[in-house]
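First up is the structure itself, then whatever we jot down about it.
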Amino acid sequence: MSTADLLPLAIAIPLIGAAFSALVGSRLPRVATDLLVTVWAAAGVADLVVLWLRTGDGRAVSWLGGWRLRHGESVGIVLVNDRIGIGLALLTAVLVLAVIAYSWRYFDEPPAEHAGTFPALILLFDAGMCGFALTGDLFNAFVFFELMGAVAYALTGFRIEDPRPLQGALTFGVINSLAAYGSLLGIGLLYARTGELGFAQISQKLTGHRADALLLTAFVLVLTGPLVKGAVAPFHFWLPDAHAVAPTPVCMLLSGVMVELGVYGAARIYWIVFSGPHGIPQHVFHDTFVAAGVLTALVGAVMCWKQRNLKRMLAFSTVSHVGMFLVGLALLTPEATAGTALYVAGHAGAKAALFGVTGALLDRFGSVDEHSLYGRGRELPVGGVLFVLGGLALAGLPPFGTALGKAVAEHAAQSHSPWLLAVFVLASAATGAAVLRAALRVFAGAGRRPLDRHEVPETTGGGEEPEIRGPSRRVPLPMLAVPALLLAGSLAVGLLPAVSTQLAQAARLFTDRVGYVAAVYGHSHAAGMPPAADWTAEGIALGLTSVALAVAFACAALWAAPRGGGAHRVVAPLRRLHSGHMGDYVGWLIVGVAVLLVAVRAQL
Amino acid sequence: MTLLFFLAAGWIFLAGVYGMVTSRNIIRTVGCLAVAQSSTYVLLLAVGFRRGGTSPYFTDTSTRTPVVDPVVQALALTDVVVGATVTALLLALALQLRKRHGTVDPDALTGLRG
């Protein structure tokens, strides 16, 4: 089998698995369905591993159905990618495998007539995300975007016994689909201008036109979808609402990789489609999206710190980290891109592990509320250790992958705007501190017993339906083994030099528009030197600084005397903005698009 | 003339958005989402329009006949399928909300805030 065939196979394997699981799931015993689905997911991982190895330091190109370019024009769909996109697809497949193993004992009583639906939806989600990561065609990307979206809405609202999942799923669906239709309007405008839909083909045709109002509108509209999926402020409001209520295994996928795919999509589309001559100049993208990323990182960090619902806290920490990823990609250098890729891989392991342990708490105690769980986690010492390690990984403790990625991105940011270092250190310290504070309260009963105050509206996280009900109240083995393996994965990203060198090579391909276009058009093109992406003394020092800050914040929250005052007056209005009302969130979406249009226009 | 189509598409999109922002009923919100989506049909079909062109079938006509762009029609068709799926799913969620919790008013859903 040729390398090109492996690309469509990465999408086809989970698709077929999903159909199969939905068909036979109700006829087979639970164990057989679980085994079958695990085999499908493992096959998807195997396909992508071979693809990763065979692609090497280059790009894999596959024209679907053999509809190739003729005289520089095309009507076919092309899948094309380097190791950044393939790596994201691989990360998706690995997380899906982990989630399927995690949920072996999940939903012990599935609806009798719909057994097999949950794994089928997970595999369908896998197919959508892999497709989005691998495609080189704008309309195809829209279809995969909507596929992963629709499946994610269904998975979020899976537990219909509680109104909150339904509300979260509806908000998620309405906001994301509206943004996707905005993207489609942009795609229509680009097609009107160029008559092409492939990233590379549009890019080639655009070089013959000047940047005008149509290109500007198309740029902002096309990026709206990925930015909403990537939860970039002010498009992030749907994310905490969806993540706080989705079943835990789904949260692992949403936070671990789906949101990151949004930021990836935005950067990929900018690099290939718009960064050419007569496109949107690099300084415009850089300034606009570094600003957006910093705003996202800070809003996420502050909101994360203020949460008591553990899932919502982790969701806001994802918002904060996505902000840092956006800053990394918007720096538009191969080094920063390599750092971000490492950061995403390390973060996925840590965040999925944290959600996994939270799921074990939910199973055991029927609550994800930091206050009412105070001290009760002492029965789960293993869970406590994993939760603390996850928090330290989020804060950037070397040698976790998060620390390496952050250090490389920080090094790249330093030469350009040194103040970005402070943002990186503070945001990662605050999100890590929130997790550590919760871990110490829940698993060790540290500090004073928290008091309930109701000055601001908040989501508590008490009174949740346990997602598993069984007479034996022991936590199933996979629910702690899978988080441990995921943390080990995050550690491996930081420790294996092969991962960082290969991602550094891929990052220089990711930032090479000419090379991408040449690969699609079948020309050869020599790439430059890969950037360095390795541990430095300075990076380790910065990582340790943010960990020390995180520990200090957490201890201060637990033991220092409570102070009212200025901070509260700033934070309370910000919390009130997160109203849970979908009409408000649609309003914010439009405000965000308008601000982007004005900001980009002003810089042209 | 072409500009008019673009403006019409933008107008329909914003009309849908206005409905979504002001909606007091989730069914209406989902309906308005479908309105916003229909702007994409208008835009896509307008992009592929050719004056004097017929539908892109060549069974009983010469291959030299001017036709409208078939690619955007394929896109619009895919778009319809995607839109129908999303609308059906969201309506099903709204239905469950009404059945089990007795409300479709977004203002009555206060479980997630802060």
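Count begins at 1; order follows the chain as displayed.
Cβ from N, Cα, C; glycine included.
Annotation comment: TrEMBL describes A:6-24 (among others) as transmembrane segment. For the transmembrane segment (A:6-24), the list of distant contacts is 33, 36-37, 40-41, 43-44, 47-48, 50-51, 54, 60, 62, 64, 79, 81, 89, 93, 96, 116-117, 119-121, 123-124, 126-127, 130-131, 134: same-chain residues at least six beyond its ends, Cβ to Cβ under 8 Å.
As annotated by TrEMBL, transmembrane segment applies to A:84-104 (among others).
TrEMBL lists A:116-135 (among others) with the feature transmembrane segment.
Positions annotated as domain 'NADH:quinone oxidoreductase/Mrp antiporter transmembrane' by TrEMBL: A:136-428.
Annotation comment: TrEMBL describes A:141-158 (among others) as transmembrane segment. Tertiary proximity for the transmembrane segment (A:141-158) is limited to same-chain residues at least six positions away from its ends with a CB under 8 Å from its CB atoms, namely 118, 121-122, 124-125, 127-129, 131-132, 135, 165-166, 168-170, 172-173, 176-177, 180, 183-184, 187, 225-226, 229, 242, 245-247, 250, 254, 258, 261, 265, 269.
Same-chain residues lying 6+ beyond the ends of the transmembrane segment (A:170-193) with a Cβ under 8 Å from its Cβ atoms: 138-139, 142, 145-146, 149-150, 152-153, 156-157, 202, 205-206, 209, 214-215, 217-229, 235, 237-238, 241-242, 273, 580, 582, 585-586, 589, 593. Feature annotation from TrEMBL assigns transmembrane segment to A:170-193 (among others).
Residues or ranges marked as transmembrane segment by TrEMBL: A:250-272 (among others).
The feature transmembrane segment is assigned by TrEMBL to A:284-305 (among others).
Residues or ranges marked as transmembrane segment in TrEMBL: A:314-334 (among others).
Per TrEMBL, the feature transmembrane segment maps to A:340-362 (among others).
Residues annotated as transmembrane segment in TrEMBL: A:382-400 (among others).
Residues or ranges marked as transmembrane segment in TrEMBL: A:420-440 (among others).
Annotated region 'Disordered' per TrEMBL: A:452-471, in sequence order.
If you look up TrEMBL, you'll see A:582-602 (among others) marked as transmembrane segment. When Cβ-Cβ distances below 8 Å are used as the criterion, the transmembrane segment (A:582-602) is approached by residues 170-171, 174-175, 178-179, 182, 216-217, 219-221, 223-224, 227-228, 234-235, 237-238, 280, 284, 288 of the same chain, each at least six residues removed from its ends.
Below 8 angstroms of C-beta separation, residues 317, 321, 346-347, 349-351, 353-354, 356-357, 360-361, 406-407, 428-429, 431-433, 435-436, 438-440, 442-444, 475, 480, 483-484, 487, 490-491, 493-495, 535, 539-540, 542-544, 546-547, 549-550 of the same chain, each at least six residues beyond the ends of the transmembrane segment (A:382-400), sit close to that stretch. The stretches the transmembrane segment (A:314-334) and the transmembrane segment (A:250-272) are in mutual contact, each linked to the other by at least three Cβ pairs under 8 Å (pairs 6 or more apart in sequence). Contact between the transmembrane segment (A:420-440) and the transmembrane segment (A:250-272) does not hold: fewer than three of their C-beta pairs are under 8 Å, each pair 6 or more apart in sequence.
Here the transmembrane segment (A:250-272) has Cβ contacts under 8 Å with residues 84-85, 88, 91-92, 95-96, 98-99, 102, 122, 125, 129, 132-133, 136, 138, 141, 145, 148, 152, 155-156, 158, 199-200, 203, 222-223, 225-232, 239, 242-243, 280, 285, 289, 311, 314-315, 318, 322, 325-326, 329-330, 337, 344, 347-349, 351-352, 355-356, 358-359, 510-511, 513, 516-517 of the same chain, all six or more residues outside its ends. Here the transmembrane segment (A:284-305) has Cβ contacts under 8 Å with residues 227, 231-233, 236, 240, 266, 270, 274-275, 313, 316-332, 417, 420, 423-424, 426-427, 430-431, 433-434, 553, 571, 574-575, 578, 596, 599-600, 603-604 of the same chain, all six or more residues outside its ends. If you look at the transmembrane segment (A:340-362), the same-chain residues 6 or more away from its ends with a CB under 8 A from one of its CBs are 84, 87-88, 91, 95, 98-99, 102, 248-249, 251-253, 255-257, 260, 264, 310-311, 314, 317-318, 321, 324-325, 328-329, 368, 373, 377, 380, 383, 386-387, 389-391, 393-394, 400-406, 408-409, 435, 442, 464, 466-467, 475, 479-480, 482-484, 486-491, 493-494, 499-500, 503, 506-507, 533.
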